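See below for the structure under consideration.
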Amino acid sequence: MYFEHPLKILKYSAKNIWLLIFPLLRGIYTYHFDKNWFYSWAKGAWFDIAVLGAIIIFGFVRWFFSRIYFTDEELVHRDGVFLRIHTYIPFRNISSVTVERPIYMAPLRAMRFRCDTRAGIFKTVDLKLLVSDKTRRHIMEHMLDIDAKEKIEGIPQPNVWSILMFSIFFSSGFSGTVYLATFFFKGGDIAYNIISRSLNIITIETAKITEKLVLKIPTAAIFIGVFFIASWFLSFLVNLFRYGRFTIECDKSCMKVRYGILDRKEYRIKNSHINYTDLRQNLIMKLFGAVAVNISCAGYGSSKNRLPVLLPVKHEKKLGKNLQVIGIYSGIKNDYSAQPAGIGSYLLIPLIIAALIIPSHDWVARLFPRFAELSFFVAVMLEIPAVWFIIVKFVALLTSGVALYDDKIMIRCSAWTRFHKVVSERDKIVKMELEQNLLQALSGRCAMSIWFEGEEHRRFKIKAMKASDVRKIADILGYELAEKVKA
Amino acid sequence: MKQYYPDRHCLTTMRLIITAAVVIILWAVRYFIPIEKIVMLSIVVVISIACFEMFVHLPMFFNSISYSATETEVTKSSGVFIKVHQSVRYSSIQYTTRISSPLSQYTGFNFIIFFVYGGQLRLLFLKRSDADEIIRLSGSISVKED
């Protein structure tokens, strides 16, 4: 039997922190209604100490009843003081285990342990514990691990360059903004003053330069731009620290992934529980033949702001044959492709969006002449991603399709501005859909969607497929799709 | 196939808990609300809801629950107004949680939650012996006692 790390007492105690309302009320009362308020407050301090003691005792009792056991086949966690909660997790059903060592817990030798099975519909963790290094070692003895004799050699290890590229491609202005906003809210006035002062200086300086260059960019737009660049850079740094020192080891049944510079994480993943492998690209990565390999497996990359990345940016041709064990094949061509004649289903919406931006600026400029300059700037700024979106969708039309080989299925598709190459075993498909409107029925085309096993029910949709091809695919996969929609 | 029904002790326990809750609520209402009419109205409403819950809804709910276990699957039937039948194969169970209160043989507070692909099956208010048996039947786990 093992206990969680004593640090957990603080976390359990924190749940009863609301009890501090009583000392607070007492303090307010004595301050307002008593002449010798300090004396009265100090005289009754025993009450505050008693409340604080009660909070810590509650935390201790809760910690004392949180125990970890093992049997030959399962991990058992007992929790709860009044209601006893026993969680039994068979080792054979564990899909992934995670050990996280945050730097601030390092002096206390505490670490977070998580284990996950394929149960449930949300990306929730099945068991979360705060353990000591000793307990972690004992738990990990029972967990899946790599057999040193059967270890697959030649797995491409991500280098500094690939982590850097990954951090550049997968850092977004939005998430950076969220970080900054959190910083503003939590850091309070001091952080607000520092950042706003710095931004003001940058904005004033940039405004001077633009004035000199006779570029009539509104100050508000410069401010927003600087803000987004700064937030993107912050997001980039966070990703760099998060995915730095990335290593991957693998045998036929298990995979071990470690990453993180400050918060070191170690994952052990059961290969047979990987739902699918997703080779992601954006347009720039596609041009250079680079991919980021992600996997879908319960518990992997399910924490907040984490990506289920297995190989940060790598050249697709350099992935090698050693990764076939986890479903990563290269050089496979589509057996069934999207039809170029179905160009409308890919380009119609992007073209409409791109075409509407400039007229929208004209309307805004007529209605609000004061904002004409800003509106023009916004229109230009929106037109750039709109044109980019058209190019992405055109490339998606040329590359989307399905390949069937061995017992695997490979789907090439796109979602927003990302390209996906999804590889999985055929028997991991849980749902297939053929979608056809009347126009598509006339032309014999349709959209095909496929869902794979997993906690997250994710749809992979390929538009403009030939309906007869989709029926053939369904037939091979053992699905029976309804007859053609009658026009 | 074996049928299991909720422990009737639990109905009594639930009635006691509801009564205790009603007493606390009524005390709080009398203590904090100075207007007599609102106090009276609150008392009537709270007691009516409690009586409905204790003597109408809960007995109907308990009568509607039944569980059946075979060697391969467990089925739960429940619902007062809308009947729901849920079946889970033992082979699809990924992990199990068992919740029990102190003196659960008298209170009937034994719950089992089977976590399966895509969801969970909750078996509520079981007798302790029934809970042990269902867990043993599910075959995946061993029963541990403190």
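Glycine residues also receive a Cβ, built from the backbone N, Cα and C atoms like all the rest.
Summarising the annotation, TrEMBL assigns transmembrane segment to A:12-33, A:45-65, A:160-185, A:220-241, A:343-364, A:376-405. Per TrEMBL, the feature domain 'YdbS-like PH' maps to A:63-126, A:252-310.
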Average model confidence [pLDDT] within the domain 'YdbS-like PH' (A:252-310): 86
Helix-strand-coil residue split for the domain 'YdbS-like PH' (A:252-310), DSSP-based: 9 helix, 28 strand, 22 coil
Secondary structure composition of the domain 'YdbS-like PH' (A:63-126) [DSSP: H/G/I, E/B, coil]: 11 helix, 35 strand, 18 coil
